[in-house]
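To start, the structure under review is shown below, and the notes come after it.
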Amino acid sequence: MTAMMKAAVFVEPGRIELADKPIPDIGPNDALVRITTTTICGTDVHILKGEYPVAKGLTVGHEPVGIIEKLGSAVTGYREGQRVIAGAICPNFNSYAAQDGVASQDGSYLMASGQCGCHGYKATAGWRFGNMIDGTQAEYVLVPDAQANLTPIPDGLTDEQVLMCPDIMSTGFKGAENANIRIGDTVAVFAQGPIGLCATAGARLCGATTIIAIDGNDHRLEIARKMGADVVLNFRNCDVVDEVMKLTGGRGVDASIEALGTQATFEQSLRVLKPGGTLSSLGVYSSDLTIPLSAFAAGLGDHKINTALCPGGKERMRRLINVIESGRVDLGALVTHQYRLDDIVAAYDLFANQRDGVLKIAIKPH
């Protein structure tokens, strides 16, 4: 008799539901992980709304914290019963992209029957959980290429302390790294959702001494101060570009980090840059972007625009866990709610509609 599990599956645009599915069978290079905590991401909401196409019946979610239930015959150095995380991006490190230093793009492109952009192709990169294979909002998940992607959780750290590592922390910190921040820099971070808050914390770790956090939610701006912001601006109460330019004496910021994914925030991120400044783009854009020439000076202002997808792999996860374990960053304030997997539909409703001050929801299968 086939062993079954509960999983949150994509049914159709606007509908994710809890269903019974077989517990995955693993191959020699895989691991079966029993999920103890996972969460819902903004990208999952894009899937729910039909803005990003996935197969019907696919288990969604890509942020796993759990316990190794079973190891493939070729996986060494781990043990059953060990607490682990895996990155949202699970590269196998065999592709040209990975060997060329961009492991998050491992996997390149797969045809999607014209359902999305990229000239009829679906950009998958190394994002497999909840995209190309069943994801983590379930009782169990198959972790592919486990040798390259499983990272042990140190004793003394809770699930909630490491829950941001697989995606939100990795993405936000990459935004700070890609901003080319130098010691003493001034940085503007546009949007203080979970990724933007992590970018704010990352900018502080990278050496920025003046961090300007921008959002339209005062509660999130309060949390941004805890993450390291020196100045907070509510865009509902001011002209953000004018305020940033005043704060910098008309010079502009050394770097800006765009963490929302809208035309407006992208433009503002450009307009506040000093000549030669760097825009680090993290937002998930749902439509084409227009780059306004008026946001540039001659020679396009010598500006640099860097983009990034969430880095994955066990070494990246190990480094992020080191930061958490050191106490230099505490992301506990980002976990605002907890739901059982049985109540995943209600959790999606809360998260998608951004009620009750929600930032991240810890989803517990048991």
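Think of each number as a place in line: the chain as shown, counted from 1.
For all residues, glycine too, the Cβ spot is worked out from N, Cα and C.
As recorded in Swiss-Prot, the features of this protein are as follows:
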BINDING   Cys41, His62, Glu63, Asp167  Zn(2+) binding site
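Note: Glu63 (Zn(2+) binding site) has non-local neighbours Thr38, Thr39, Cys41, Ala88, Thr136, Leu163, Pro166, Asp167, Ile168, i.e. same-chain residues 6+ apart with C-beta under 8 A of its own C-beta. In the three-state DSSP scheme, Asp167 (Zn(2+) binding site) is classed as helix.
The number of other CB atoms found within 10 A of the CB of His62 (Zn(2+) binding site), across every protein chain shown, is 28. The Zn(2+) site is defined by Cys41, His62, Glu63, Asp167, and by the 8 Å test on Cβ atoms against their centroid, the other residues of the chain that qualify are Thr38, Thr39, Thr43, Asp44, Gly61, Ala88, Phe129, Gly130, Thr136, Pro166, Ile168, Cys310.
Neighbours of Cys41 (Zn(2+) binding site), defined as other CB atoms within 10 A of its CB across all chains, total 25. The Cβ neighbour count for Asp167 (Zn(2+) binding site), using a 10 Å radius over every protein chain in view, is 26.
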